Amino acid sequence: MTEEIEIELSGKSYDTKHCVFSEAELDDIAPKSQGQPSLWTWMKSHTRCSLGMGRSLLLNYIPVLRWIHRYPFKEWILGDVISGLSVGIMQLPQGLAYSLLAGLPPVFGLYTSFYPAFIYFLLGTSRHISVGTFAVVCAMTGGVTETLVPEENMLIGNNATFYDTVARDNLRVEVATALAFLVGLIQIALGLLQFGFVVIYLSDPLISGYTTASAVHVLVAQLKYLLGIKLSQKTELFSLINTLMNLSSSITETSIGTVITSLIAIVVLLIMKFLNEKLFSRFIIPIPIELILLIVSTGISYGVGLQDLFGIENVGDIPVGLKAPVLPNINYFEDIIGNAFAIAIVGYAITISLGKVFASKHGYKVDTNQELVALGCSNFIGSFFHCFATSASLSRSLVQESTGGNSQISSAVASLVIFIFILRAGELFQDLPKAVLSAIVVVNVKGMFKQFLDIPLLWKTNKVDLLIWLVTFFATILLNMVMGLAVSVAFSLLTVIFRTQVSDYSILGQVNEMGIYRDVAKYQQAKELAGIKIFHSSSSVYFANAELYMKALNRKCGMNIERLIEKRRKAIKKQKKNQEKATKKAKKEKEQPQEVTGRVNIGFDGLQLESPPNETQQTKENETVDGAVVAIPEGDANEEKVEVITLQSLGLEKPSFHSLILDFSAFNFVDTACIKVFKKIFNDFAEIEVNVFLTCCNATVMNGLEQGNFFNDTIRKSCVFNSVHDAVTHLTGDRDIFVQDEPDTHL
């Protein structure tokens, strides 16, 4: 049928013609195209080996080959060189400092700042992120190394004061490289399997809460260097609380000289960083205050002899040159596999989040799966060269972008700066106080504590996201960084299930006869149509909320459907019982012998044999036609009359509506529980003389209904319409057409 509509909008009038078709009619007019190819066909098309496909794979997995020949040398090279120098100078002190956070000697932070950054230059798709040491990942690594190789196991003989630091450091390096090997392997596997989407399970509130809690772990881990106390960092449950308790019991061992050094370094860094942001923003290259602080503090420590006079611990020997590659120790794999998976996910989440921010700002795209492969290769290959696990760094990435970096050429330049330092200048910092490196770590993570400001914002915008933030933060603080991540992801998924379970259910009405439908409880102009109920759910129906959908439907329809069906069945049963009694009584009267009157029949002329005029006509046993109970009276076989038993004939009140329209516009999928529920809805409402229609079913939902055998002889595609208004037009424009095969509801 064709419907003409006039709409007034901003003083303009539009005349439109709209044809109303059911899904069955649409299948005839516009048949579906062929479905997805078979698995065999897909495999054949994707496993062909050709020169073009080989070249495409090479360019996909080594992106530098795709863009290096198109690099705008004149326009970009100056910015990339300046940016690379800035990041390299910044990465030197951070690499040394974050090594302590990972529980390793400082030189391994330099290795980790060199190899992974260069590998990412070859394989990464982001033009602006800086890969290397990062506080959160280093803290997670440090928890593993200090748990598996605690200092108390490294005592020399029975002496409770001196530790075999060389053996301790060698074992911790083995643990850290084995951990980086597994982290890289996991990331590469996920990338090749196209699992880049895994990061979607880490929402922004979750990442914010987790990194804030990780900053607390980082701060607590640095207290032993800031105070000069011997403490071990572990990843066991409640490790943060245990560390604070051990710290309080050892507070009397605090080195006053170390505390003073730490305070001076922190104050100087805070002041200079503030001035760097406010006063020196006009300079092309920011003042490398951290590197200057390292040089000055090393000179003072060497000239005054701080370690000998005040017991301030120095970093010690920093070997010159690169070490030969070695295979990671596989004996640790069993103990660190869980931590490796957590670090792989966290490192990737931070990297891809930064990558997407810069890509959106500068108008290019990052490949989520290739980012997994690139970061995985950085960790995997780096593990053979004594590197621990890495990820992108927020502070260095911001510097790389703000100082004019346009491509990963800047990362290559930064790697070159680190390489030169390793070869020539590393040994110059042997007298550098560890307290200064810890001060650098603490000042660099202060930005993460600003994420506490997310709490009032989330309170105003979305309280469920606020709950995710708080649960993530406290779970990570109270448990540990690995278990905190697992708990936060599980809780985040539970909130998704909870939000779909408590969907918003509503009855829709038409707004001013315009063909627009809104919730009648929220819009005054939305009015229900006579005899028609339109029911809407704000989410898909599946096994977790199917029963809730049924209850909401009954409640919104203003009736207890199950109770009405029960009354109907009882009335039919009672009527059937009465009919059986009447049948038995009539049969009994028929079988009784007639009384002798004494009259004599003289002949047979005019004799007629007929039933007594008051004899009750017998009825056959009740039968069922299309779900409605009917009575078939005895008589001439050619004159059988079907009598439909309706609610009205049973003395029951009919529903106030004759049609129910179910709006599927919010449905993304259907499962077996959903199909079972809607079959029950169709059957139940048919039993109380209400026709049911489905609307707004997308292709995925229709395929699910078809594959789930939802449609049959009584539930047909002719009860499915493209929109709510199409179904309404069908009902109001041609009331003589009923989609469901139900008999006429008359007695």
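In case you wondered, yes, glycine gets a Cβ from its N, Cα and C as well.
Any TrEMBL annotation is an automated prediction that lacks curation.
For 577-593, the entry in TrEMBL reads compositional bias 'Basic and acidic residues'.
If you look up TrEMBL, you'll see 522-731 marked as domain 'STAS'.
For 574-596, the entry in TrEMBL reads region 'Disordered'.
Per TrEMBL, transmembrane segment is recorded for 100-123 (among others).
Residues or ranges marked as transmembrane segment in TrEMBL: 178-202 (among others).
Annotated transmembrane segment per TrEMBL: 254-271 (among others), in sequence order. Note on the transmembrane segment (254-271): residues 225-229, 289-290, 293, 297, 306, 309-313, 433, 435-436, 438-440, 442-443 of its chain, located 6 or more positions outside it, place their CB under 8 angstroms from a CB of the stretch.
Positions annotated as transmembrane segment by TrEMBL: 283-304 (among others).
Annotation source TrEMBL lists transmembrane segment at 336-359 (among others).
Among the features that TrEMBL reports, transmembrane segment is placed at 371-394 (among others).
If you look up TrEMBL, you'll see 406-423 (among others) marked as transmembrane segment.
The list of residues near the transmembrane segment (473-498) in space but at least 6 beyond its ends in sequence, with Cβ under 8 angstroms from a Cβ of it, reads 139-140, 143, 201-203, 206, 209-210, 212-214, 216-217, 235-241, 338-339, 342, 345-346, 464, 467, 544. Look at TrEMBL and you will find 473-498 (among others) tagged as transmembrane segment.
In this model, the domain 'STAS' (522-731) carries an average pLDDT of 78. Proximity of the transmembrane segment (178-202) to the transmembrane segment (336-359) is established through 3 or more Cβ-Cβ distances under 8 Å for residue pairs spaced 6 or more apart.
Per-stretch counts of Cβ pairs under 8 Å to the transmembrane segment (100-123) identify 371-394 as the leading one among 336-359, 371-394, 406-423. Secondary structure of the compositional bias 'Basic and acidic residues' (577-593) per DSSP, as helix, strand and coil residue counts: 15 helix, 0 strand, 2 coil.
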